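Let me give you the structure first, and then I'll get to my questions.
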Amino acid sequence: MAKRIIYNENARRALEKGMDILAESVAVTLGPKGRNVVLEKKFGAPQIVNDGVTIAKEIELEDHVENTGVSLIRQAASKTNDAAGDGTTTATVLAHAMVKEGLRNVAAGANPIALKRGIDKAAGFLVEKIAEHARQIEDSKAIAQVGAISAGNDEEVGKMIAEAMDKVGKEGVISLEEGKSMQTELEITEGMRFDKGYISPYFATDMERMEASLEEPQILITDKKIALVQDLVPVLEQVARSGKPLLILAEDIEKEALATLVVNRLRGVVNVAAVKAPGFGDRRKAMLEDIAVLTGGQVITEDAGLKLENAKLDMLGKARRITITKDNTTIVAEGNEKEVKARCEQIRRQMDETDSSYDKEKLQERLAKLAGGVAVVKVGAATETEMKDRKLRLEDAINATKAAVEEGIVPGGGTTLAHLAPELETWANENLQSEELTGSLIVSRALLAPLKRIAENAGQNGAVIGERVKEKDFNTGFNAANNEFVDMFEAGIVDPAKVTRSALQNAASIAGMVLTTECIVVDKPEPKENAPAGAGMGGGDFDY
């Protein structure tokens, strides 16, 4: 395919145009008075969302060069989402502001490589400052505040997440599922999460989120390597007749057997997913036994005289729901409280008997996984469209609270970044020279962008609000919900430090890369040829 090559200023301007389009459509959602965006779907009802990364993933432009700009800035959003699970809109707005400011300097003749070095040094300084200003989370009230802000100022959601964290612990698993009623409810159930994902991405049932969701599945638990599909055929036939999904937990599945499972899954013969067993050696056997107790199944192992080809349905475990991503598996079980408690007691006794601190630590991990359970938030809404929006907001809120527990909280609403701008200017003037100094000042001017946008979405003058916030002390910011200047910690308007840090780092990274671009190579669109006029068919230009 022929390529189109664009150089210098033209290349950067084309990228900028794509970025403008994406940044504007994402920025309208920022802040308590941010609006929603409607996404048209090829199948089903349109989706109404308020989540930056979901909007960014949907935007695809006709012009290949502009589309490259969209992809670059989308990366800032998705990397922030991967690292912190929230703050995607902030990352997009920041990256866009840095690129805009930087391109002005490049057009005026500044050296892009020196600017990039300045941007990187500024980002390093700001990361340290964010860590300095972060406060550790002490109580569930602070957790509720973080959750409420991330869910779009929904205090009920904040309280629910704080309650869930109280019950399953800060490291515990909080899972989301679609509820059957109008109310959003919280339920604590048995379950566990371990850090092994699906063996093949073809097992994913939701291609957009790349995860496999199995409702009321059967679970085959074995500690052997499955090399031949013949070993599995008897079980697969029994499960296919029962019409339920199947999860296979094994040491490994070799290529031939895996290929057969994938083909059967894609053809719809049996809804199956396969996951490698967690842990190593004796710990793997112990963890498989934990999972068997949790799901009411048996570990099919030759140590107990059980063979795969002789496995029956009543040897398989059962669960309410299993969610598998590329990195981890969450099992939501139910109804085995007695057995789970007995197993926990057994692990506690082992902990008392062992002298090895390593073994104690590993037993403690197993106990936490088994005893902690899973908090299930059942999302309720009047319509399916509202349900999907609420689910995305709740997901953001859960991620944000976990990030807040990890690295603490800072004043929210764009306040932290706005207050750090003068500090960065002072530091840069003392420590950097010439174009590196210009690079760091690009960042300092861009730091006000999220606050300005939040104010503009609330109908205020962003530039004026930004300057007024800079004059006040560090914890004072602009509450866009009622247009007042308040102490952000007291008002409960807080952001996780990890979210602010990730958004800043990813924005600086993308901005630096865009500014140093001097040439773009993209595919040239092929001209569409009209169909030749044929007997009775008509040419491509005729109306029928």
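Cβ atoms are placed via backbone N, Cα and C, with glycine included.
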Which of ASP20, ASP63, ASP495 does Swiss-Prot put in the same ATP site as THR29, LEU30, GLY31, PRO32, ASP86, GLY87, THR88, THR89, THR90, GLY413, ASN479, ALA480, ALA481?
ASP495
Which residues, sitting 6 or more apart from GLY31 (ATP binding site) on the same chain, put a CB under 8 Å from its CB?
GLY413, ARG453, ILE454, ALA455, ASN457, ALA458, ALA480
Per DSSP, THR88 (ATP binding site) is which: helix, strand or coil?
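SS state of THR88 (ATP binding site) = helix.
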So of THR29, ASP86, THR90, ASN479, ALA481, which of the binding-site residues has the fewest other Cβ atoms within 10 Å around its own Cβ?
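ALA481, out of the binding-site residues THR29, ASP86, THR90, ASN479, ALA481, has the fewest neighbouring Cβ atoms within 10 Å.
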Note down the number of other Cβ atoms within 10 Å of the Cβ of THR88 (ATP binding site), including every protein chain shown.
30
